[in-house]
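Engineer: Dumping the structure here so I can ask a few things about it.
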Amino acid sequence: MGTVRSQIRPGLYAITDNRLTPADTLIVSVEAALAGGARLVQYRDKGSTASERLVQARNLNSLCQGFDVPLLINDDPELAARVGAAGVHLGQDDCSLVDARRLLGEHAIIGITCHHSLNLAQTAVDGGADYLAFGRFYDSATKPGAPPASPDVLTEAKALGLPITAIGGITGNNAEPLIRAGADLVAVVGGLFGGQPSDIEARAKAFNRQFARHHPLFSLSE
C-alpha cells in the first residue's frame, strides 16, 4: 500500500462501538461503511472479552484488506500485532507511542488523541505519530466528558505537517465546518452507525461528498 502516510487518505474515518455495532451486526455494518467509501476504520470495543475481540478484529482486518482500507485497533497494540492490523489509535492515557512503535514497527499507522492541545500534538509529532486527532467538537455520546475543541485548532494544526482528524459528535449535518477548517478525516461513530444498518452506506457517501466539495486532495475515484 505504499508509505505509511500514503495509506491515510482524506475522507470518512469509521469507528466502531460495541453498543452500536455488536458482534451480530459488526461485519455487515463496517462492510456498508466501506462500500460507502470509508477511508480508514478503527475497531473500538470496550465491552467484549479478549477472545471475542480477537475473533472480531481478525474478521474486520480481512474485510478491510478486501477494500484496501487500513484497520486500526483502539488502544491495543498487542491485538493489532496479533491480527496484522495496519496500526493503532492511542489516547493520552493508553500505551505509549514509543512502546507501540517498538511492537508494531515503522510501517504501522499510529494515531494520537490530542484533545484541543497543540502542545500534545507537537509532542506526538516529535514522537513519530502518523496522524493527529482533535476533539470533541460537538456533544458526544461516546466520550461525553471529553474537553471541547474549537475548529480553529484544526487550522493551526495543519502547520505540524501530519494528517488531521476531527472527532466528537460529528454527523452529516455538522461535518462541513470541520473539513473547511482543515480536517483531513472526520472520525464518526454514532453519526455513521447510530441509525439503521441499511442507512450506513448512504451516510458514508454523504460524508465523502462533503470532502469532495471542500477538501483539495479528496477524490471520489480513489
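Just so it is clear, glycine is given a Cβ too, placed from its N, Cα and C backbone atoms.
The feature 4-amino-2-methyl-5-(diphosphooxymethyl)pyrimidine binding site is assigned by Swiss-Prot to Gln42, Tyr43, Arg44, Asp45, Lys46, Asn74, Thr113, Lys143. Summarising the annotation, Swiss-Prot assigns Mg(2+) binding site to Asp75, Asp94.
If you look at the structure here, what lies around each of the features I listed?
Structural biologist: Of all Cβ atoms in the shown protein chains, 23 besides its own fall within 10 Å of the Cβ of Thr113 (4-amino-2-methyl-5-(diphosphooxymethyl)pyrimidine binding site).
Sequence-distant neighbours of Asp75 (Mg(2+) binding site): residues of the same chain at least 6 apart with a C-beta under 8 Å from its C-beta are Arg44, Val88, His89, Leu90, Gly91, Asp94, Cys95.
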Engineer: Let me spell it out: for each of the binding-site residues (Asp45, Asp94), count the other Cβ atoms within 10 Å of that residue's Cβ, using every protein chain shown. Which one has the most?
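Structural biologist: In terms of Cβ crowding, the pick is Asp45.
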Engineer: Let me know the most crowded of the binding-site residues, choosing from Arg44, Lys143 and counting other Cβ atoms within 10 Å.
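Structural biologist: The residue with the densest Cβ neighbourhood is Arg44.
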Engineer: Just to verify: the residue among Gln42, Tyr43, Lys46, Asn74 with the fewest other Cβ atoms within 10 Å, which of the binding-site residues is it?
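Structural biologist: If we count Cβ atoms within 10 Å for the binding-site residues Gln42, Tyr43, Lys46, Asn74, the smallest count is at Lys46.
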Engineer: Under a three-state reading of DSSP, tell me whether Lys143 (4-amino-2-methyl-5-(diphosphooxymethyl)pyrimidine binding site) is helix, strand or coil.
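Structural biologist: Its secondary structure by DSSP: coil.
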